[in-house]
Amino acid sequence: MITALKLTFLLLGIGFCYRLQHSDTNEETRAAQPSKYGSLWPLPQKVQISEVSFKLSRASFQIIDAEQSFADPTCRLLQDAYRRYYEYIFVGAQTHKSSSNKRAGRAELTELQVRITSPDTECGGYPEVTSDESCLETFSQLVYEDEYGAKSINSTVISDFPRFRHRGILLDSSRHFLPLKVILANLETMAMNKFNVFHWHIVDDQSFPYMSQTFPQLSKQGAYHPYTHVYTPTDVKIVIEFARLRGIRVIPEYDTPGHTQSWGKGQKDLLTPCYSGSEPSGTFGPVNPILNTTYDFMKRFFTETSSVFPDAYIHLGGDEVDFTCWKSNPDIQKFMVQQGFGDDYKKLESYYIQRLLDIVTTTKKGYMIWQEVFDNGLKPDTVVHVWIGGESNEEMGKVTGAGYTTILSAPWYLDYISYAQDWQRYYKVEPLNFNAQKKLVIGGEACLWGEYVDATNLTPRLWPRASAVAERLWSAMNVTDTTDAFNRLSVHRCRMVERGIPAQPLFSSYCPSEYKGI
């Protein structure tokens with residue numbers, strides 16, 4: 001998926017889609033039936049279908065810059081995408097019966113021309129929330145094999161754009177360390193599903209795998225292992241560049257003041273000492289919000305991370321802060337009196353968050369936070385991430401009604417698993433089912449928290465369940481037919497399997513090209 005560039009595809013005047021008549025062996029056929037939209041996923045905004053088909057030959061087909069394109073021939077982003085999708089097109093494909101048995105004399109499609117319509121190609125830059133989006137992925141989904149084994153594509157015109165600008169996946173690399181290979185494989189799969197944001201929940205209570213160059217002791221003391229279970233500066237650069245070439249933003253999350261037990265192992269006096277009566281208990285709570293040294297540390301730390309991660313935003317967490325330790329600490333009790341906070345520890349949390357936002361502002365970054373912080377008061381330019389309350393229609397109404405830009409995740413916690421086809425529950429969610437300023441909702445994220453997920457089961461648990469969220473965030477509001485979605489998603493799932501992704505089945509079925517294992 002190319003989000004950093006403004007693309008117009010020219011298929012020799014043919015267009016972008018096709019109509020397929022499926023054979024009994026091309027998809028999960030024991031349950032799925034052919035869709036008039038073939039296997040397009042997520043479904044484009046408009047599709048005009050033709051019966052005219054063209055053949056493609058590996059020897060002669062090429063993806064090139066159009067003559068009137070503003071593209072630089074040396075643009076790595078484009079050239080990498082051309083090579084990648086050429087291989088996707090000519091790897092084994094689903095077998096489809098053509099609507100006509102008269103194959104003789106079919107015209108051959110020899111080129112896919114890509115036209116860059118803006119002089120500002122952004123080729124060397126990073127994707128942003130405002131980037132225009134057009135997709136080579138869609139073209140690759142249009143190619144099929146007929147019953148003779150020939151690669152084919154039908155003449156169709158697609159008008160396409162995403163319904164929401166922010167379409168993300170959250171992965172948690174703290175509760176279980178995720179090897180670099182696993183992260184990259186899921187970035188590749190995100191591009192196949194037109195997700196454009198990787199929300200990297202990189203650290204938490206359990207471990208601190210991010211290797212800070214300013215504070216190397218954080219990972220030395222806080223990671224599960226200081227050498228094998230860390231992300232080096234080179235690892236982080238690889239993730240960011242791999243994502244960039246697929247039009248995916250990387251937004252890191254450093255959650256404070258709670259969820260910080262691993263931080264305290266490598267940074268003395270950062271966490272609050274807890275008390276049992278009048279004596280320290282030997283345990284520690286959230287970040288200590290009353291010390292100037294806390295904010296000195298945060299300024300240096302976020303100055304570093306802001307230079308490491310090029311995206312315009314950073315996620316600051318702010319959720320699930322347990323006030324018990326703060327309440328037990330006599331120094332914090334005195335501070336509460338001095339500030340006039342009384343016994344309202346939410347005001348203390350808000351005090352900390354406001355100072356943290358001021359620090360991040362100096363780094364020229366925008367900030368996202370979980371919704372609890374909204375309840376305590378926020379700066380007006382904060383992006384609020386809603387995660388509590390099921391579909392959270394009431395909460396979404398409150399947040400947007402207060403004028404905040406909003407992201408939805410509450411109905412899309414994929415770490416909750418159940419028997420049968422739970423993807424349908426995620427698919428049926430309507431993100432704008434509330435009465436307020438709906439234009440302030442920029443999108444949503446599917447979240448896969450890591451308590452019970454590591455490299456062994458992350459990918460099949462995530463896909464194709466997350467694909468349901470992808471279509472909800474990309475396609476038009478009226479695309480709600482779960483039967484048609486099942487038919488298309490079944491084939492799309494087999495396409496992911498064919499590309500080497502161990503996406504789990506939707507139901508009893510098979511794929512023509514089964515997953516080969518490791």
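The backbone N, Cα and C atoms fix where each Cβ goes, and this holds for glycine too.
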As recorded in TrEMBL, which of C447, C511 forms the disulphide with C494: C511
Disulfide-bonded cysteine for C123 as listed in TrEMBL, from C17, C75: C75
Per TrEMBL, the disulfide partner of C274, chosen from C135, C325: C325
List of residues, in chain order, with Cβ under 8 A from that of C274 (disulfide bond) and at least 6 apart: P280, S281, T283, F284, G285, T324, C325, S328, N329
Tally of DSSP helical, extended and coil residues in the domain 'Beta-hexosaminidase eukaryotic type N-terminal' (40-134): 15 helix, 26 strand, 54 coil
Cα-nearest neighbour of C75 (disulfide bond) within the listed recorded positions, E320, C494, C511: C494
Integer average pLDDT (0 to 100) for the domain 'Beta-hexosaminidase eukaryotic type N-terminal' (40-134): 81
By Cα-Cα distance, the member of recorded positions E320, C494, C511 nearest C123 (disulfide bond): C494
